[in-house]
Ligand SMILES: NC(=O)c1ccc[n+]([C@@H]2O[C@H](COP(=O)([O-])OP(=O)(O)OC[C@H]3O[C@@H](n4cnc5c(N)ncnc54)[C@H](O)[C@@H]3O)[C@@H](O)[C@H]2O)c1
Ligand SMILES: N[C@H](C(=O)O)[C@H](O)COP(=O)(O)O
């Protein structure tokens, strides 16, 4: 029998509970793979009530979840208290938010579930509660390293049928990007991307196209030196290793339809350079996938959308794509 996916509740005040309920309701029509929701049953019942949905919910172990999924939403209760928040973030939720991630990863590593899919979390309340990581991606790298005993770099990729993008620097202030960007970091990010696109996504020799950092990719060094000093040497190193790397290209002309036929993924130098084109082209179908981990993790491409939590406006499309992609790449795991 197939294993379920573990789905974390995300921030309980955000739209995670809404879209988990919607994804379960859509399970047959849209072929949603079975998942076990890591949450408080009270929160999910409360949200279903706000949405005006009659929901069958059953507390479940991972082993029972696949069988239950066809008739009820299987929920694995959390130990930490979960405030019945809707529409606001709260520091009081932090312990439960982190517990759901930890348990999702533990269940995946132990083989009880096929992969972990995370609902969106708000970073600010977690940071205020003392959680030192700027997002799931970094934290998953730390959990993976603790599990394997070796340092593990987690790489963020936003994937869709139209476009896949990987930001080399992620959740740091824009002003710090030039200082953090090094040839070593670019090479490591690209190596992991090439490896995982090949092993998990079945692309034999992934074509990686690199953005420049500066306008016009530096215009031969007249509009900035990072291309000459950092990006071009990094690409040269990757080519020597046999990685199909090209660029750096001016970022403003890399994302139109013709340009997108020339690569399998874009390696971008900072967060918005990568995520603006992805979310513009594929907001409803984009999936956030963490590469470089010894387990599979995906997530919808959007955030907590507090304003529309409990209103029925949140779409579950990106979450459904994240569940389907996790199921597919977990089955292909090396
Ligand atoms: N995977 C994650 O954990 C993740 C990803 C992105 C942002 N975030 C966090 O989410 C919080 C809010 O971020 P934001 O406002 O920049 O982005 P957001 O994605 O939450 O919202 C942006 C806009 O898109 C709308 N939207 C988002 N998801 C939607 C959906 N499923 N259906 C319909 N409309 C939807 C929102 O209502 C809003 O108008 C921040 O704290 C951020 O750190 C978390
Ligand atoms: N940068 C991501 C986005 O905007 O979609 C997001 O914040 C999620 O990051 P984590 O997967 O690291 O939580």
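We count from 1, first residue shown onward.
In case you wondered, yes, glycine gets a Cβ from its N, Cα and C as well.
Here is what TrEMBL says about this protein:
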BINDING   136, 137, 279, 288, 297  substrate binding site
BINDING   171, 216, 271  divalent metal cation binding site
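Feature map: annotations from TrEMBL on the structure.
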{"residue": "136", "record": "substrate binding site", "DSSP (3 states)": "helix"}
{"residue": "171", "record": "divalent metal cation binding site", "DSSP (3 states)": "coil"}
{"residue": "216", "record": "divalent metal cation binding site", "DSSP (3 states)": "helix"}
{"residue": "271", "record": "divalent metal cation binding site", "DSSP (3 states)": "helix"}
{"residue": "279", "record": "substrate binding site", "DSSP (3 states)": "helix"}
{"residue": "288", "record": "substrate binding site", "DSSP (3 states)": "strand"}
{"residue": "297", "record": "substrate binding site", "DSSP (3 states)": "strand"}
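Using a 10 Å radius centred on the Cβ of residue 288 (substrate binding site) and all shown protein chains, the other Cβ atoms total 25.
Across the fold, the C-alpha of residue 297 (substrate binding site) and the C-alpha of residue 216 (divalent metal cation binding site) stand 35 Å from each other.
For residue 136 (substrate binding site), the nearest of the binding-site residues 171, 216, 271 in terms of C-alpha separation is 171. Checked against ligand 2, the binding-site residues 136, 137, 279, 288, 297 give 136, 137, 288 in sequence order as having a Cβ less than 6 Å away from one of its atoms. Taking Cα separation as the measure, residue 137 (substrate binding site) is nearest to 171 of the binding-site residues 171, 216, 271. When the binding-site residues 136, 171, 271 are compared by the number of other C-beta atoms lying within 10 angstroms of their own C-beta, 171 comes out lowest.
Summary for the binding-site residues 216, 279, 297: the Cβ-based neighbour count within 10 Å is maximal at 297. The CA atom of residue 216 (divalent metal cation binding site) is located 22 Å away from the CA atom of residue 279 (substrate binding site). Between residue 171 (divalent metal cation binding site) and residue 288 (substrate binding site), the C-alpha separation comes to 14 Å.
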